[in-house]
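Everything below concerns the one structure shown next.
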Amino acid sequence: MEVSGEGREIRRDGGHARGSSRVAATEDEIDGMHAAKAVSAENTDVNEDKSCSQPQEQKISTSIQKPGWKRFLAHVGPGFLVSLAYLDPGNLETDLQAGANHKYELLWVILVGLVFALIIQSLAANLGVTTGKHLAELCKAEYPRFVKYCLWVVAELAVIAADIPEVIGTAFALNILFHIPLWAGVLITGLSTLLLLGLQRYGVRKLELLISILVFVMAACYFGELSYVKPPASEVMKGLFVPKLSGNSATSDAIALLGALVMPHNLFLHSALVLSRKTPPSVKGINDACRYFLVESGFALFVALLINIAVVSVSGTVCTADNLSSEDSDRCSDLTLNSASFLLKNVLGKSSSIVYGIALLASGQSSTITGTYAGQYIMQGFLDIKMRMWLQNLMTRCVAIGPSLIVSIIGGSAGAGKLIIIASMILSFELPFALIPLLKFSSSKTKMGPHKNSIYVIVVSWVLGFGVIGINIYFLSTSFVDWIIHSSLPKPVIILVGIIVFPFMAVYILAIIYLTFRKDTAVTFIDKSDSSQIEMENGMRRSDGNRGTEVVPYRVDLADIPLPD
């Protein structure tokens, strides 16, 4: 028989008991005396533990008894920060062009896109809450080294593609406000990192609040213009609920809209942001947190849906009006972020360009925050490298400035507007490499345990996901074949391009098939089927097996996220 030095554990023949008042019977009287002393010491320690833990238990009990709305407010933040990405210059550009070219016909794409975004963003939040790890960390744990590095490269390219609209949008805003040439504005956007850091010294929460206010000022302007132009409600509702693709550019514009709405880097971001919240390690605590994050994301994305609908409706109504001037007609035929301020002149008059420029600048900077955080978590999750945020943002910005600068010099504002569309399409093509791992992990019992997706969520999410992937593959193949048929380039050049592109398309499809059908091997969920789970449900046991009422420790490395507590 062995008695521990602290009097906390008693062992005999390999058996042990902790926190128990039972002592195994012994044949030796001396051993009985030792056991009695051990029990006495243990009871003393238990009494001391109880007396010390009473204030903490009272504090936790008070926290548990908080009203539901207070517990909900404690979870508010991640969804609203993520929703800023749905109001960035890329979304505004695609919305404006969709309205000018197709009136209200593509509103259904926005509705489907944001409903799909709500589903996958809630899945990303559930994944982080349940596993305690974000999507990039789970990808690193699950996939082989080569696949892991490929997914990391694709994720970083997605962050860069999302940063291109911000670069061009900020350059447009500087051109509107200060008449700075577009190429010079692109270079100046490299300094926005320093501006962001300077404002962070006053508190990032204040910065986020300022940006949100300015973005919603622009939204108020479009809602005001919407009430002035009064688009036919029947046509708007028809555009929302009746799918239709008519015209030569309808398919490409629809894919650009979808790519601007459903961003792959947002999935990495949302799964990491929720880890800054303290969640009880019980089934009820996890379910409550998932429900709060779903409600918050639903409200934030509903606001984003209304704003996007307003932008498309205003653009479609103004550009198809019978009394449209020849000057405005020319602008509508080649509508860009740089020329869209005239849409608000009915509400703001001569100051429309100033207010629009300020709001566009704020919209561009809002995507800086989401892109910077997403890049940080992607690098930390895949490579275990935690880079300073200003350095991460500066590197991403320098890569994004390259193509933006070339296009702005050669093609001007029209070329820069087309580059935003191309960046949105790139995001759409990169979506499967974040979406498929998310759908698989959130539907896996080895990852989520009893919190895995229900059969209904699995069916809906996979159908929508493969619908988007199928549309991307169809558009990629048909567009490329059509370009080859009608291209005026010399035949040797066309053959060379085909030799390069067709294998790339084959690799793209094979990679999607591999990610879809590969069997998961990493186990991140530990089943607690014994009585300790019941005690955890009642707040009487911690996740490490010891008694107590503490909530599970949240991620210390994510505790500095500037979100409300």
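Just so you know, glycine gets a Cβ as well, placed from its N, Cα and C.
Feature annotations, reproduced from TrEMBL:
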COMPBIAS  1-16  compositional bias 'Basic and acidic residues'
COMPBIAS  52-63  compositional bias 'Polar residues'
REGION    1-63  region 'Disordered'
TRANSMEM  68-86  transmembrane segment
TRANSMEM  106-125  transmembrane segment
TRANSMEM  146-164  transmembrane segment
TRANSMEM  176-197  transmembrane segment
TRANSMEM  209-229  transmembrane segment
TRANSMEM  249-269  transmembrane segment
TRANSMEM  290-314  transmembrane segment
TRANSMEM  354-374  transmembrane segment
TRANSMEM  394-414  transmembrane segment
TRANSMEM  420-441  transmembrane segment
TRANSMEM  453-475  transmembrane segment
TRANSMEM  495-517  transmembrane segment
Given the transmembrane segment (106-125), its same-chain partners at Cβ distance under 8 Å and 6+ residues beyond its ends are 78-79, 82, 86, 95, 98, 135, 236, 239-244, 250, 253-254, 257-258, 261-262, 266-268, 270-271, 274, 290, 293-294, 297-298, 301, 304-305, 308-309, 312-313, 435, 438-439, 442, 453, 457, 460-461, 464-465, 468
Highest-contact recorded stretch vs the transmembrane segment (146-164), from 249-269, 290-314, 394-414, 420-441, 495-517, CB pairs under 8 Å: 420-441
In the same chain, who gets a Cβ under 8 Å from the transmembrane segment (420-441) while lying at least 6 residues past its ends? 89-90, 93-94, 97, 120, 123-124, 127, 131, 135, 138-139, 142, 151, 154-155, 157-158, 161-162, 164-165, 168-169, 252-253, 255-260, 262-265, 267-268, 271, 337, 447-448, 458, 461-462, 465, 468-469, 472, 476, 508, 511-512, 515-516, 520
Does the transmembrane segment (290-314) reach the transmembrane segment (68-86), going by 3 or more CB pairs under 8 Å (6 or more apart in sequence)? yes
